[in-house]
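See below for the structure under consideration.
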Amino acid sequence: MSQIKPDARHVTSATDSAVSVRNVSKVYGDVQALKDLTLDFPRGELTSLLGPSGCGKTTLLKIIAGLLPATSGEVLINGKAVSGPGPDRSFVFQDFALMPWASVIRNVAFGLELRGVAKSEREAVAEKYIAAVGLAGFEQKFPHQLSGGMRQRVGLARALSVNAEVLLLDEPFSAVDEQTRRKFQEDMLELVQKEKKTFIFVTHSIEEAVYVSDQIAILLPRPSRVSEIIRPSSFRDKGVDNIRRDPEYLDIVDGIWASLRSYVE
Amino acid sequence: MTLFGYKLPALSSLLLWAMVWELVGQLQLTFFVPPFSEVMTTLVSLLPTPAFLQALSVTAAAFGTGVFFAIVIGIPVGILMGKSRILDELLLPWVNIFLSAPLTALVPVLMVLFGFGARTVIITTSLFAIWIIILNARAGVRQINRSLVEMARSFGASPLDAFFKVYFWAALPEILGGVRIGVIRAVKGVIIGQLLISIVGFGALFELYSSKFLMAEFWAVLIVLFGLAFALSEFLAYLEGKVSYYASSRG
């Protein structure tokens, strides 16, 4: 298990980072949601933001997405500061955020529709990603005809179809049942390998974070900060079936719980 | 409703009330209530007369125009109020005042301003319908799921795209509910406008029949109007039902 202490976290050089968060603070009224937070997200890897509720992980994700302005500090995507949402990032929402009046294919193609891509072209792309998330045959269905897990697959396909470099996932599996969740996590690993994108993944599940991540950033509240960055090293290539009983996996899960335990009310 | 194990068709209770009406009419208790059968015969003979058809077309034109303006102005104003704090604070008190105000009292003022013709009737109709349409569109927009708004932003929707492709549709169930109530109020508006002006459309007919005590004609026209208003409202409720499936699944 390789743990990088906070003061050593600039070891990864800036060129390797798809996303860099530099000294970001966020204040809501008199509540300090984030304080002087600095964090790098290596290109092509999945980084989890993990922490107890109220640690500002979703706030950080929305700042990276450009949906919330930072009070101070900056977010760099490939070295360029972001000032709002952009085509280089796409977002997967906790509550799916599908348009209930639109079919699956229109939902998935919506990002491209907003960019003015011609209908036949965007539907071809959408069809490809609908199939990629395992929903082939459901193109003409409507969200209310799908289960929660299938709806989130639509949300995932929509985020993939705009071909953004960075995928931001806000607790994407928290609203689906446990078994669907496990399947999702396995699919995520495959997706990260295949898509060569940078994934930023917010979760409050320790097991989920350790299972899917190349890098785990532990965020602690009051004041919100990055307390630890963990990079699991050995179990990623052992296959989806063996990860959960790998000694390193279990050690990391236990270690994280030991450091988070005191923050859980 | 079921009776002796048979399922009765909708509105069959009206038959019972028609029978009560017939009975009261046959008893000749008051000249005011002629028998139902007489009213219906009058109705059938009245429908093809030029006077009735002219009243109907004048009224339909005023009603349609009035409702059109109420919808075309009301929905965007309501959506904008739901999205803009400043606009909301500026307009909401007025919308609420006009929603509950006795608009009938305004009609004489409108007559002075816009004359004794179709224009005043159209404006009265719009005034009756528009406020509830605005309020409902506003309520519909305000309850749009926040992540749907963020979704539109994060995928790069322009304000115009967000308005026409997301906000409008997300608020559609409430908007249609507002339009349905607005249209029902517009029926009142068009008739009240015509009655007060009393020289156009059904207003003129009512004026004629009641001043000459032609009660069968009076009731016949009234039944036609009630029927039209009811059919209109049912049609809009049907449309509303078509989109209600997603009102519950928004999220």
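Backbone N, Cα and C atoms are what each Cβ position is placed from, and that goes for glycine too.
For B:12-32 (among others), the entry in TrEMBL reads transmembrane segment.
Marked as transmembrane segment by TrEMBL: B:52-79 (among others).
Annotation source TrEMBL lists domain 'ABC transmembrane type-1' at B:56-234.
Residues 77, 81, 120, 123-124, 127-128, 131-132, 134-135, 138, 189, 192-193, 196-197 of the same chain lie 6 or more positions beyond the ends of the transmembrane segment (B:91-114) yet place their CB under 8 Å from a CB of it. Positions annotated as transmembrane segment by TrEMBL: B:91-114 (among others).
Taken from TrEMBL, the feature transmembrane segment covers B:120-141 (among others). Counting only same-chain residues 6+ beyond the ends of the transmembrane segment (B:120-141), those with a CB under 8 A from a CB of the stretch are 62-63, 65-67, 69-71, 73-79, 81-83, 88, 91-92, 95-96, 98-99, 103, 106-107, 110-111, 113-114, 167, 170-175, 177-179, 181-183, 185-186, 188-190, 192-194, 197, 200-201.
Same-chain neighbours of the transmembrane segment (B:162-183): 67, 70-71, 74-75, 78-79, 82-83, 128-130, 132-137, 139-141, 143-145, 148-149, 151-153, 232-233, 236-237, 239-240, 243-244, 246-247, 250, counting only residues six or more beyond its ends whose CB sits under 8 Å from a CB of the stretch. The transmembrane segment feature in TrEMBL is assigned to B:162-183 (among others).
What TrEMBL lists as transmembrane segment is B:189-206 (among others).
Long-range neighbours of the transmembrane segment (B:218-239) within the same chain, counting only residues 6 or more positions beyond its ends whose Cβ lies under 8 Å from a Cβ of the stretch, are 34, 39-40, 42-43, 46-47, 52, 55, 176, 179-180, 183-184, 187, 191, 202, 205-206, 209-210. Taken from TrEMBL, the feature transmembrane segment covers B:218-239 (among others).
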